[in-house]
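*Asks:* Here it is, the structure in full.
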Amino acid sequence: MNGYGRPPFQQQQQQPFPGFRPGYQQPMHQQQQPGYRPSPTMMHQQPLPRPAFSPAQRPQQLPPQAFAPRPGMVPPGARPPAPQPINGTPFQQQPQQQRPPQSPMTNTMPPRPLAGPGQPPSPMRPPMGYQQAGPLPTPGMAPSPQGIQPSPQAAGLPPMQQPPQPSPMQQPQQQQQQQQQQNPVQPQPGLQQPGQQQPLVQQQTPIASANQATTPEQQQPDQQQQQGDQAHQQRRKRMYPKQVFMEDTNASGNFAAPVSAAATPAYPQMQQPQQLQQPQQPQQPQFMSPMGAAPTYPGSQQPAQQPAAHPQAIQSMTNQMGQMNLGGAPAQPMPSVSLMGAPPPVNELVNLCPPIRLPQNVSITNSPFANCDESYKCCTVNAIPNTEALLKKSRLPFALVLAPYRSLDDNEEPVPVVSDSVISRCRRCRTYINPFVTFVEGGQRWKCNMCFLLNDVPAAFDYDAHSQKQTDRWKRPELNYGTVEFVAPTEYMVRPPQAPAFVFVLDVSYSAVQSGMLATAARTLLDTLERIPNDENRTSIGIITVDSALHFYNFDDSLEDPQMLVVADVEDIDAVKVLLEKLPDMFRDTTNVNNALGPALQAAHKMLAPYGGKIICLQSTLPNIGTGALKSREDVKLLGTPKESTLLNPASPFYKSFAVDCSRSQIACDMLIFGGQYADVATLSCLPHYTGGQTYYYPGFNASRTEDALKFAHEFSELLSEQIGLEAVIRIRASRGLRMNAFHGNFFIRSTDLLALPNVPRDQNYCVEVVIEDDLKTPTVCFQTALLHTSCTGERRIRVVTLCLPVSNSIPELYANINPKAMISYLANKAVERALSSKLDDARDAVVNKLVDLLGVYKAHVLGSAQGSTPQLTIPENLKLLPLLALALIKHDGLRQSSQIPTDMRANAMNLLRTMPLQLLIPYLHANFYSLHNMPPEAGELTEQGLVFPPVLNLTAERIEAHGCYLLENGQHIYLWVGRGVVPQLCMDLFDAANYEALRGGKYTLPVLDTPLNRKVNLLIGKIREMRRGDYYPTLYLVKEDGDPYLKIWFLSHLIEDRTENVMSYQQFLQFIKDRVGSGSF
């Protein structure tokens, strides 16, 4: 107890309100699903006891009654119920196409696809709690001598950590094996079980499966008997999901006497786990591959596809299994969850993306980095539909989300660089060599993974020019990393790399001077001159000041004061410093309220056009003179109406046409807009939108407030020191049958698939829609993004980002592999596009309609529910937070229906939705909410894993106590909510204030005190400001419960689970979606 709240309230606060358990998932046996019966292997039921055989006297054959099912016992998934014995009469032999009667002792189940590694088993497909050690016993046939053995999974332990103590059923087997060691039997070829001796026991001749290869040894009856008995006599070792699946598939073909997959020489790839780490024999004897039989590194792609060496066997097995998909992604039985009546588990927002499950050995190396990290590129679905018809039927959006030039965290390794200028590309599609190509003809040629053309390997590919020696090609970065950079040779250059050049256009009108913007900008620029990228003193800068006229300056050393501007080398740093120091005083007494931004931009363009560069414009007054003059058009009466979209589109065509001219000249433009009054952000943001720049908006800026000055100075300084890319183009290639269709982001589309970016800022997001033109015949597809740019150091480089995804023909698999983060980024881009082209109502409806389509298709084609209302809204587990994020999107400042959101603020919010990377976008939509007055003792403390944050709360006012103190942050703003009943001791310890009445609301700077609570909260705020990528510096606001009404409404608008204005609450939204899903046809 920290003394900051009443003890009864604290005890009640620790317990969530009734009916809510964080992360709680309703057991599947309690969900009302048509035709579902709980499995005996579930946790709420204990498995049936095994018969207590005596080790001394082991029965050779059990009576038929021992294998009869209990009355009323129907195994889940069995179509016809097993026939019951009448008066002890043994069962008749069942036809081969029917299922045999189930035994209550073995608890066997029909063969079904297993869950992938790390995935929970499907309720309709129970886990392999017990694995058969031999063929299923039937009346008139002796059971397997080995009996029934539990699998490691049944004991609840990892497969390799199972305790070695034998069970009562295993003791006789061990004694028998000890006796058999005296009379060893030569193992059969193809059974790789060293050190094990197998007995020769006569058994019925097994029936070979149709998909097994026949060898001369298998044609002999005696050896067939030995093989069938030896495979079941030995104790099974741990098997990967693929091996267990092959066992059950082979066993499902013949119920009389199935042949174990471990004893089938037709599948040499399926070996024991101890052998999986050994390298495979390559196809070409003279060319060795470093690939093992299966990757064993953490985070590797698990095997999910049958070996490619046996296509006929794979096809036969696929036909036998019916709806099971054996190609590409594995059939993942994603469990379903019910959303109605329970709060969303917001603590799981950080782990939303399902893993990518690729077939075995799809990459030529065992590197865990063969696929690019999702922060560089990800897809809305991690399993691609194989046809356009399937994509339309699933109604899934198919798009890529890119951030190819993102910044690196302190604990991240830099992108590997290939500096030997050996770049191997496909002759047809121009794809760069990557980890998913295939070497053929002894490694002399490689097959493109996009168009499958054979290409020659460069002669210098295996040669190090620096050491003059042969090198190991398998250590080359382009074969081990999905994200890599090449140092481009001269053929990738239209002209030599140009030096960075910056021209600053500074507003010196009356509002810029009075608000303190000019003085703060001059001081920040003066302090940041040393941080501007300037390798080898090549960087040039220029300054233009503008009000109703343009002011140029000369930095000649022979002059005491700067006079007229020329593009000067930064070596003349002293002259620049003199100008920046005198600049605020030069316009201190100005009364000019006009601004000629258009002519100033044209002058800057003429200065930079010969060699390209960057224009950084700081604007405080609405341009009202000369070219590009604007008028105030904000109309309060239009806010919140269908006509509001007209205010969000550019008012003048000059800025778009000027941006296109800048793009042709390799000139980018960044806008920093200070809004003391209407600034027309929608029009001015056209410049960064088409030139690859960024827009920063500071509403109500006043440098006299420390919070405003700190935010602007930090973001402006980070913008100047950013290691940007210049003269860049982006092209995205994909496998045959796929095509890039639409592009979203800040760039100019030069051709159908070439994006021109004069400036590539760090941590900017791009979204690309993809269409399927032809059916996909391969088990995987690849997407490769090539970013050709000039670094600040003057090197021409190519950053290549490669992503490989499996192909699926199953709607359940597609829905089990949806990436909700990429999905919400795509929806945000489409919603902003719809809002600008139509109206805000249409944008919100588009988000809701897409969510209804997804849940409707899932209900109809995955759950198999008929049309009509259902008591629950069921959704796959990986999408359980997608409705919450969709609600957060339509309640966001960029799209929310409200008449209280100024046009400039809404336009800026739309710009952020389009350009934010995923790491920033998710908290920007769904803020993080913490309780400070009753934090756990470890919260706010530094540990080896970093700073510990308090538990995340749901965004609802039900979590707010009258005497509590809370922190809410969304990456752009930080709010400290203080209830009116807060105890004075908390005010003293945290704010250094006597009581609640002594607190001042609004923008706030938290003092630094020598108290535990103040120290923890200051650490939390500091960590929030630095833990994410980007230049943004969140401003801190102190919100009192009875303070500024506008500030209070602004804070409460982030509590998206509550009803606000005309927007539904979270539970109302779920009910609305459920009604739409029940009434629709999918």
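Glycine too: its Cβ is placed from the backbone N, Cα and C atoms.
Note that TrEMBL annotation is computational and uncurated.
Got these off TrEMBL a minute ago, pasting:
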type: COMPBIAS; residues: 1-34; note: compositional bias 'Low complexity'
type: COMPBIAS; residues: 55-71; note: compositional bias 'Low complexity'
type: COMPBIAS; residues: 72-84; note: compositional bias 'Pro residues'
type: COMPBIAS; residues: 90-100; note: compositional bias 'Low complexity'
type: COMPBIAS; residues: 110-126; note: compositional bias 'Pro residues'
type: COMPBIAS; residues: 160-169; note: compositional bias 'Pro residues'
type: COMPBIAS; residues: 170-204; note: compositional bias 'Low complexity'
type: COMPBIAS; residues: 212-231; note: compositional bias 'Low complexity'
type: COMPBIAS; residues: 267-286; note: compositional bias 'Low complexity'
type: COMPBIAS; residues: 301-312; note: compositional bias 'Low complexity'
type: DOMAIN; residues: 423-460; note: domain 'Zinc finger Sec23/Sec24-type'
type: DOMAIN; residues: 497-718; note: domain 'Sec23/Sec24 trunk'
type: DOMAIN; residues: 725-808; note: domain 'Sec23/Sec24 beta-sandwich'
type: DOMAIN; residues: 820-922; note: domain 'Sec23/Sec24 helical'
type: DOMAIN; residues: 950-1018; note: domain 'Gelsolin-like'
type: REGION; residues: 1-244; note: region 'Disordered'
type: REGION; residues: 267-312; note: region 'Disordered'
*Asks:* Please determine whether the domain 'Sec23/Sec24 beta-sandwich' (725-808) and the domain 'Zinc finger Sec23/Sec24-type' (423-460) are in contact (criterion: at least three Cβ-Cβ distances under 8 Å, sequence separation 6 or more).
*Replies:* yes
*Asks:* DSSP says what for the domain 'Sec23/Sec24 beta-sandwich' (725-808): how many helix, strand, coil residues?
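*Replies:* Summed by class, the stretch gives 0 helix, 57 strand, 27 coil.
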*Asks:* Are the domain 'Sec23/Sec24 trunk' (497-718) and the domain 'Sec23/Sec24 helical' (820-922) close enough to be called in contact, which here means at least 3 C-beta pairs under 8 A that are separated by 6 or more residues?
*Replies:* yes
*Asks:* Just to be sure I understand, if DSSP states are collapsed into helix, strand and coil, how many residues of the domain 'Gelsolin-like' (950-1018) fall in each?
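*Replies:* For that range the per-state counts are 21 helix, 13 strand, 35 coil.
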*Asks:* Which sequence positions outside the domain 'Zinc finger Sec23/Sec24-type' (423-460), separated from its termini by at least 6 residues, show Cβ-Cβ distances below 8 Å to it?
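*Replies:* Here the qualifying positions are 284, 286-287, 289, 362-365, 367, 370-371, 473, 478-482, 486, 488-489, 733-736, 780, 782, 784, 786, 798, 800, 802, 804.
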*Asks:* What is the number of residues in the domain 'Sec23/Sec24 helical' (820-922) that are helix, strand and coil, as DSSP sees it?
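*Replies:* Across the domain 'Sec23/Sec24 helical' (820-922), DSSP assigns the residues as follows: 71 helix, 3 strand, 29 coil.
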